[in-house]
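Participant: Sequence annotations record features per position, and here TrEMBL assigns signal peptide to 1-26. The domain 'Plant heme peroxidase family profile' annotation in TrEMBL covers 27-334. As annotated by TrEMBL, disulfide bond applies to Cys37-Cys122, Cys72-Cys77, Cys128-Cys330, Cys207-Cys239. Per TrEMBL, site 'Transition state stabilizer' is recorded for Arg66. Look at TrEMBL and you will find His70 tagged as active site, proton acceptor. Marked as Ca(2+) 1 binding site by TrEMBL: Asp71, Val74, Gly76, Asp78, Ser80, Glu95. If you look up TrEMBL, you'll see Pro170 marked as substrate binding site. Taken from TrEMBL, the feature heme b binding site covers His200. Sequence annotations record features per position, and here TrEMBL assigns Ca(2+) 2 binding site to Thr201, Asp252, Thr255, Asp260.
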Amino acid sequence: MATTSTSTAVFFALLILLCAGGSGEAQLTPTFYDEACPDVNVTSIVRGVIQEALQTDPRIAASLIRLHFHDCFVNGCDASILLDNSSSVDGIDSEKAAFPNINSARGFDVVDKIKIALENACPSIVSCADILAIAAEESVSLSGGPSWTVLLGRRDGTTANRTAANEDLPGPTSTLDELKSKFSAVGLNTSDLVALSGAHTFGRAQCQFFSDRLYDFNSTGSPDSTLNSTYRETLSEICPQNGNGSVLANFDPSTPDGFDSNYFSNLQVHKGLLQSDQELFSTSGADTIDIVNNFSVNQTAFFESFVESMIKMGNISPLTGTDGEIRLNCSKVNEDSFGSSAALLAVY
């Protein structure tokens with residue numbers, strides 16, 4: 001397994017700490033739970049649950065990192081994506097029902113299992129937002145990708161933002177300009193865009209999110225000209241015209257469950273599954289092309305950039321200090337769990 005060294009990961013972590021300014025009174029730190037849970041290896045518990053899930057669900061690693069991504073892009077990394085609808089006083093319109101998430105975001109059951117295991121080991125201490133961050137790292141590592149030091153100390157939000165989820169998350173048909181704009185809006189640059197898009201080196205996508213490229217791209221009546229014709233024929237067999245839109249296709253035909261640099265090699269031969277993938281290489285004159293070319297031949301460079309960008313993304317507007325709460329049930333705010341605003345709040 002090719003990995004990013006611990007020293008490099010720590011360097012990136014410290015760099016982000018110096019540059020970031022989250023809300024609340026504290027900053028994220030790798031040792032956040034050392035005092036509160038001195039006899040508990042939080043990361044090991046998360047890893048164990050994911051390892052068990054992988055035995056029956058090879059997709060789960062990609063699904064978990066997607067949850068972290070979709071969480072951080074909407075109101076910051078506050079686990080808002082995990083909240084169910086609620087008719088409480090303030091009300092919650094779940095982000096799970098937003099177009100980018102409905103019937104596609106998954107892994108919530110695994111997050112719940114992780115939360116239960118952590119509550120049994122160290123009650124009321126580990127946030128759901130931190131669970132998502134750790135689960136993303138462990139999912140990549142367990143799939144053959146890099147490991148890194150995860151910064152911790154996020155607290156959980158008490159509301160969701162379905163409108164922002166519909167508007168702010170990059171979509172499968174986004175153009176390069178649209179992708180850059182949405183990444184820039186949360187403080188991520190072009191290098192971050194390309195590196196984080198590399199997470200599509202494993203996992204699956206439903207036919208409904210790319211079938212227009214096979215038959216009627218942008219209402220032209222013709223396939224997407226940037227799609228490899230042989231690859232298109234293969235995809236057409238999986239996703240026949242007017243067929244079942246929920247059928248799954250691998251992002252990477254060669255190593256669908258492995259985290260590697262094949263995603264970028266696929267783009268070079270026009271085998272990006274989503275339009276938003278292929279845009280990185282097929283947009284004429286784009287500054288992303290050189291980055292794709294570099295990552296395709298230098299997996300170490302991709303892994304190092306991916307780690308840096310994941311740490312950076314994980315530090316988008318976290319709730320820290322006394323802001324937010326530590327949810328006892330990741331799908332409900334504590335007020336809904338107990339019927340009182342006097343729920344357990346862990347303050348550090």
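From the backbone N, Cα and C atoms, a Cβ is placed for every residue, glycine too.
In TrEMBL, annotation is done automatically, which means it is predicted and not curated.
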Participant: Are there any residues at least 6 positions away along the chain from Gly76 (Ca(2+) 1 binding site) with a Cβ closer than 8 Å to its Cβ? List them or say none.
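Facilitator: The list for Gly76 (Ca(2+) 1 binding site) reads Gly157, Ile316, Ser317, Pro318, Leu319, given in order along the sequence.
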Participant: Cα of His70 (active site, proton acceptor) to Cα of His200 (heme b binding site): how many Å, rounded?
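Facilitator: Distance between the two Cα atoms comes out at 14 Å.
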Participant: Taking the mean position of the Cβ atoms of Thr201, Asp252, Thr255, Asp260 as the Ca(2+) 2 site, which residues outside that list, in the same chain, have a Cβ no more than 8 Å away, listed in sequence order?
Facilitator: Phe202, Phe251, Ser254, Pro256, Gly258, Phe259, Ser261, Asn262, Tyr263
Participant: Quick one: of the binding-site residues Asp78, Ser80, His200, Asp252, Asp260, which has its CA closest to the CA of Cys37 (disulfide bond)?
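Facilitator: Given the candidates Asp78, Ser80, His200, Asp252, Asp260, the nearest one is Asp78.
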Participant: Out of these binding-site residues, Ser80, Thr201, which one has the fewest other C-beta atoms within 10 Å of its own C-beta?
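Facilitator: Ser80, out of the binding-site residues Ser80, Thr201, has the fewest neighbouring Cβ atoms within 10 Å.
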Participant: Give me the CA-CA distance between Cys207 (disulfide bond) and Asp252 (Ca(2+) 2 binding site), in Å, as a whole number.
Facilitator: 14
Participant: Within the domain 'Plant heme peroxidase family profile' (27-334), what mean pLDDT does the predicted structure show?
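Facilitator: Across the residues of the domain 'Plant heme peroxidase family profile' (27-334) the model's pLDDT averages 97 on the 0 to 100 scale.
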Participant: If you skip the near sequence neighbours and keep only those at least six away, which residues in the chain come within under 8 angstroms of Cys122 (disulfide bond), Cβ to Cβ?
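Facilitator: The answer is Tyr33, Ala36, Cys37, Val40, Val42.
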Participant: Fewest neighbouring Cβ atoms within 10 Å: which of the recorded positions Cys128, Cys239, Thr255?
Facilitator: Thr255
Participant: List, in sequence order, the residues of the same chain other than Asp71, Val74, Gly76, Asp78, Ser80, Glu95 whose Cβ lies within 8 Å of the centroid of the Cβ atoms of the recorded Ca(2+) 1 site.
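Facilitator: Going along the sequence, the neighbours come out as His70, Cys72, Phe73, Asn75, Cys77, Ala79, Ile81, Gly157, Ala160, Asn161, Ala165.
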Participant: Taking Cα atoms as reference points, rank the recorded positions Cys77, Thr201, Asp260 by distance from Glu95 (Ca(2+) 1 binding site) and give the first.
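Facilitator: Among Cys77, Thr201, Asp260, Cys77.
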Participant: Minimum Cβ neighbour count within 10 Å among the recorded positions Cys72, Val74, Cys77, Cys207: which residue?
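Facilitator: Each of the recorded positions Cys72, Val74, Cys77, Cys207 was scored; lowest Cβ tally within 10 Å is Cys207.
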Participant: Would you mind listing, in sequence order, the residues at least six apart from Asp78 (Ca(2+) 1 binding site) in the same chain with a Cβ closer than 8 Å to its Cβ?
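Facilitator: Looking at Cβ-Cβ distances below 8 Å from Asp78 (Ca(2+) 1 binding site), excluding near sequence neighbours, one finds Asp71, Ala129, Arg154, Arg155, Asp156, Gly157, Ser317, Pro318, Leu319, Gly324.
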